[in-house]
Amino acid sequence: MKIAILSRNPSLYSTRRLVEAARARGHETKVLDVLRCYMNITSHAPSIHYKGEELTGFDAVIPRIGASVTFYGTAVLRQFEMMGVYPLNESVAITRARDKLRSLQLLSRKGIGLPITGFAHAPDDIADLIKMVGGAPLVIKLLEGTQGIGVVLAETQQAAESVIEAFMGLKANILVQEYIREAKGADIRCFVIGDKVVAAMKRQAKAGEFRSNLHRGGSASLIRITPEERSTATRAARIMGLNVAGVDILRSNHGPVVMEVNSSPGLEGIEAATGKDVADQVIAFIEKNAAAGKTRTRGQG
Ligand SMILES: Nc1ncnc2c1ncn2[C@@H]1O[C@H](COP(=O)(O)OP(=O)(O)OP(=O)(O)O)[C@@H](O)[C@H]1O
Ligand SMILES: [Mg+2]
Ligand SMILES: [Mg+2]
């Protein structure tokens, strides 16, 4: 197969590993800087061009689209879809996953366990919003944050009120969430491919920090997950419409709760913590599932 990898940087660990795994399985790969792809969308034969040449003959595309380039990146991916190239994750699903509020609404509709979460617009509603999610301590999050940036723990009612007020004043979209104290600064990253959790790691926040993100100094280790956690993770990925996803779960007193579903989960932390060749499994999934024009939405929407 000829596989395109949309990535801003060929030297990133995840990109290198995908290239390596694809080559080892006998495939041809091309890493494309998504911001250098340009498109002809006017004709009946949609095309993508790259540094002066037209891209043709690709069987599959692996999107590794960073949060800062979601808009342009998903447009390029959609163009691949319209050309009939099989996307590992569909553009629509990636757009969905990038918005935490939209994601939580979709997951709640299907009964996935979630932290109690509230959303409001007007400063006048802050007091009731805080009451609704169970009062302080509580977590306040920017809807489109990543790597733990824009996630705040407000320990008291007063802190919560002023942080929410400040975010609203900046016109930032935030959600307010029950603080899962019993998780003790740990979360579980489940790496889902298709209908399976192929690897899972526990991430523990460093001392004095509640955010377990590796970018925030958290440490990762191998963990055995329960059947309930396993099915929560695979169901969450399926509801989001993602073939490959990093589902982040907290162990709460009311069972596993999903915090978020990531559409471009990194390989470095999970491969190091579990010793598994996740990149190889990603390529194997593409071999099994890629077919021309095979998308649920066919590039629509
Ligand atoms: N409701 C909560 N209760 C307890 N801890 C939480 C809660 N929400 C978030 N955290 C902690 O904060 C971390 C960051 O939160 P979250 O994953 O929502 O943000 P993010 O910025 O999108 O991170 P990512 O880079 O994983 O996309 C989580 O990994 C978790 O450790
Ligand atoms: Mg996230
Ligand atoms: Mg997270």
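Backbone N, Cα and C atoms are what each Cβ position is placed from, and that goes for glycine too.
Annotated ATP binding site per TrEMBL: LYS141, GLU178, TYR179, ASP187, ARG211, SER212, ASN213, in sequence order. Under the heading Mn(2+) 1 binding site, TrEMBL lists ASP248, GLU260. Summarising the annotation, TrEMBL assigns Mg(2+) 1 binding site to ASP248, GLU260. The Mg(2+) 2 binding site annotation in TrEMBL covers GLU260, ASN262. Under the heading Mn(2+) 2 binding site, TrEMBL lists GLU260, ASN262. As annotated by TrEMBL, domain 'ATP-grasp' applies to 104-287.
DSSP assigns TYR179 (ATP binding site) to coil, not to a helix or a strand. Among the binding-site residues listed (LYS141, ASN213, GLU260), GLU260 have a CB atom closer than 6 Å to some atom of ligand 2, in sequence order. Distance from the CA of ASP248 (Mn(2+) 1 binding site) to the CA of ASN262 (Mg(2+) 2 binding site) is 8 Å. Mean per-residue pLDDT, taken over the domain 'ATP-grasp' (104-287), amounts to 95.
A Cβ distance below 6 Å to any atom of ligand 3 is met by none of the binding-site residues LYS141, GLU178, SER212. With respect to their backbone Cα atoms, SER212 (ATP binding site) and ASP248 (Mn(2+) 1 binding site) stand 11 Å from each other. Annotation note: ASN213 (ATP binding site) sits in a coil segment as assigned by DSSP. Here the CA atom of GLU260 (Mn(2+) 1 binding site) lies 13 Å from the CA atom of ASN213 (ATP binding site).
Every protein chain considered, the tally of other Cβ atoms within 10 Å of the Cβ of ASN262 (Mg(2+) 2 binding site) stands at 23.
When the Cα positions of LYS141, GLU178, TYR179, ASP187, ARG211, SER212, ASN213 are compared pair by pair, the longest gap among these ATP-binding residues is 18 Å. The binding-site residues SER212, ASN213 differ in how many other CB atoms lie within 10 Å of their CB, and the one with the most is SER212. Neighbours of ASP248 (Mn(2+) 1 binding site) among the binding-site residues LYS141, GLU178, TYR179, ASP187, ARG211, defined as a Cα within 10 Å of its Cα, are ASP187. A 10 Å cutoff on Cβ-Cβ distances gives ASP187 (ATP binding site) a total of 22 other Cβ atoms nearby, all chains included.
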